Amino acid sequence: MKSKQKTTSNLHWWPWYGGWGMLVLLALCGTASYLSFFHLPPALTDSDLGRLPYAFNGARAWNTLVALDALGPKPVGSTANEIGAVKLLEREFTLINATKHAVQEVLYEKQITSGAYGINFFGSSMTSVYRNVQNLIVRLAGQEGVAGALMLNCHYDSVASSPGASDDCGSCAVMLEILRVLSRGSERPRHPIVFLFNGAEETPLQASHGFITQHRWAQEVRAFLNLESVGSGGKELLFQSGPQHPWLVEAYARAVRHPFAHAIGEEIFQSGFIPSDTDFRIFRDFGHIPGLDFAHIFNGYRYHTRYDSVEYLSPAVLQNTGDNVLSLVRLLTSGEYLERIAEGERSVGKSVFFDFLGLFFVNCSEKQAAIMNVLVAFLGLLVGYWSTLRNVGSQHWRAVTTESLIHGFCATLVGAGAAVGFNLGIAFLVDRLFQRSMAWFSTYTLTVGLYCLPAMALLFIAHREFHRLFQRKETPLPLSLAVKTRLTGVYLFWSVIMIGATIAGIRSAYVISVLLACMALIPLISEPYPWHFKSKIVSTVLSGIWLLLHTVALLWTTQFFHIFANIFIPIAGRSGANDNPDFLIATVTAACSLLVCSFMLPWINLLRNPYSSTIGTLMALFLVSLLLAIATPLGFAYREATQQQSPKVQRILAQHTLRQWYDSNGAVRTDDAGYLFRLWDRHNEATIREVIASDGGNAGSIFKPSEMGDCTSEVFCGLPASAVRFSSLWFAQPKSNHPDAVEMVKLSLESRNNTTTKDGSVVRSRLALNLTGSYQSSILVRPRRNVTLAAWNLTPVLPPQLTVGDNHKAYYVIITHGLPSQPLQLVLDLEQSATDVASAAQIPLVDISVTTNFWEYHEHFMPAFSKFIQSFPPWAHVVPSVSIVNLYSF
């Protein structure tokens, strides 16, 4: 009883509500770091033109964006893209040329380009063929005799059903305003600047390939800036650089006024977690040119939907991007950066770069960052360990080591495992038992309630229980000093992870390094000086510094929670139906919770009654969040757009599909039709089935491709390749509701020539086929058993086959037409053994599936299909189209 009384009256304890103070500080810092992403400079207006004639003017850029947005969706091949957008941009070029300064030379060319190349797109091997896609290119001349040009790139096309205000018309508006400002200068830039407005990026990445591999101006480009978007609003993030040209990031550091850049974004994007790609890849891989890739990442819910419009943007967004890019362009084109590259000087190495809430920017080489990581790790551990021994004496080093390893390192490790495990359990239950996965999709704060709060509670519990179970009854360390010693153990935990990441070449280790640097400064400032305890004023100042450094650390770490949440939460709406997205969010939030609050954890043992106060509060709020998620409309995953709330929509791709089987004479021998749905997210199938049922549909007519009778014999089940590559549903339709497609891409056999090798063992057959029809289409080529496709005329090297599971293999070709073009010839060289030829008689050599996709085809929809599309709820973003699949055997 005596020891209990002594413990309960410990002078080192904090009041029971002290933990609430920590949580309030955390919440305030999290709010501040979130708001920093949307703190934008006010846009300049028309009234500022006379005062600031050579500054980027957000109002002028906004007017251009409004005009592009008014054209509506602009998929490649549509009138809006190939005629409307081109005329609008050409009109702007004419006005710019008319108002340029006399010393400036502004040249314009329209490139209508065709080509083909092989590419692996998110694990799918394909051949990309483009025909008559358009690039609008403006060249602002540099000074005579100076080599090397800078290129700026945007794309003005959009996906079907989306106006593409942010992706990517806003970037084109920014580039136009930069061109306008620079063309009015009284002195030419040192280096020429190429402005590429490409008209086929969403198909994907085709027009940029046509420019970088075929246009003469591409030969002088030495670096590029690619302006993109995977969101809508906020600051633009520098998320890819180089490769192997750190001078570009150095220039960014010198020039940019409002930095927002993180090397961790580059590593995440290039890891394949993000289901998007940009023209950066084409310029890097086919042009071998270094560059910087920028994108708006916030509000990704609106990406590729009808809500990517000017209604959800502001001139301030364009002003922020324009200020940054214009400053960077001026620096790169006025100095010697591009000239050194033009002369063959090549920088190597990667950069570690980051900003702190937009206030300042840090950039260093990978080697410098690695050295800094090691120094921060060992210096912090040394100072933390020494500061404790300084107070208790070096003879107690075993007790200090035990406190650090057991109560600091091990408690944090066990707590981290418990937090992740608990979160994954909740994710499983919410999805399987309550069928309410993605509750956080429409309500951002539920991410905190469902996964952050329990993770924090488990971390606190781990430290509290380690204290209760393993605390020695006799120790030279008073409780407050024991807690400080345990912080050294937490420091060791993160140091091990950071050093391991550094050895593995993961540049994102800087995230931990900055946190540890803040924590290392606390003992460095407060411990070495014997005078610090003699003055209340000095003690107060040091306490303020302690609080300031913790606040900086919280601001630093909470921003990564917001970055990750804003990246991964919207992606859950387009990442597929097979995997439970709550697993990803649960894991990411547990890791972020550990990063944010790890240096708070040991302090739990200074609180009176932590279970009934701090830990109890966290678990109570978690239970409330869980109840809201599973039992109230707040946990419904989607919401429609209203005046009070922004949209969080469910994406649904509905293709009214006609399948036609052709005989050897080119006549249709049989056909059928259905609605084909790509399942974008976890709840797509449930929504579709519910709408079909409410529309009077027969549930027996709904199949997954693998359940269809012809899936084992036909090329990719006789459906477009996406139906097998991605989870899909097929809803069979009667003859009366077959889609009306006036024209389509057709395949015809022009000639067939057979030759035999000299030894007579192999028969080679050359098939010459014609593809007629200028629409977006895809081809699947599957050689028959014992037949090999040896070569074709599309690319010099035959790419790997697209392979899905064990049953589906075929060569996959996507074909995009911008302006109408002549028929495309497809030549296939097939080989088989002479023995097989003798036994096979007239059996075909190859099966070919040709799919024609009609986007923005509403005026040709069948009435039943139009009615069906309109029956979806308002929180669904439906992308309707017509697809014709023609199946041939030759």
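Each Cβ is built from the backbone N, Cα and C atoms, and glycine gets one as well.
As recorded in TrEMBL:
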type	residues	note
DOMAIN	135-328	domain 'Peptidase M28'
DOMAIN	406-628	domain 'Endoplasmic reticulum metallopeptidase 1/1-A TM'
DOMAIN	647-888	domain 'Endoplasmic reticulum metallopeptidase 1-like C-terminal'
TRANSMEM	20-40	transmembrane segment
TRANSMEM	369-386	transmembrane segment
TRANSMEM	406-429	transmembrane segment
TRANSMEM	441-461	transmembrane segment
TRANSMEM	481-501	transmembrane segment
TRANSMEM	508-525	transmembrane segment
TRANSMEM	545-571	transmembrane segment
TRANSMEM	583-604	transmembrane segment
TRANSMEM	616-638	transmembrane segment
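For the transmembrane segment (616-638), the list of distant contacts is 19-20, 23, 426, 430, 434, 436-443, 446, 448-450, 453-454, 456-457, 460, 648-650, 683, 875-876: same-chain residues at least six beyond its ends, Cβ to Cβ under 8 Å. In this chain, the transmembrane segment (545-571) lies apart from the transmembrane segment (481-501): fewer than three C-beta pairs between them fall below 8 angstroms, excluding pairs fewer than 6 positions apart. By the Cβ criterion (under 8 Å, sequence separation of 6 or more), the transmembrane segment (441-461) is not in contact with the transmembrane segment (481-501), since fewer than 3 such pairs are found. 583-604 is the stretch from 406-429, 481-501, 583-604 with the greatest number of Cβ pairs below 8 Å to the transmembrane segment (20-40).
Counting same-chain residues at least six beyond the ends of the transmembrane segment (481-501), those with a Cβ under 8 angstroms from any Cβ of the stretch are 373-374, 376-378, 380-381, 384-385, 387-388, 391-392, 400, 403-413, 463, 475, 508-509, 512-513, 515-516, 519-520, 598-599, 601-603, 605-606. In the predicted structure, the domain 'Endoplasmic reticulum metallopeptidase 1/1-A TM' (406-628) carries a mean pLDDT of 91.
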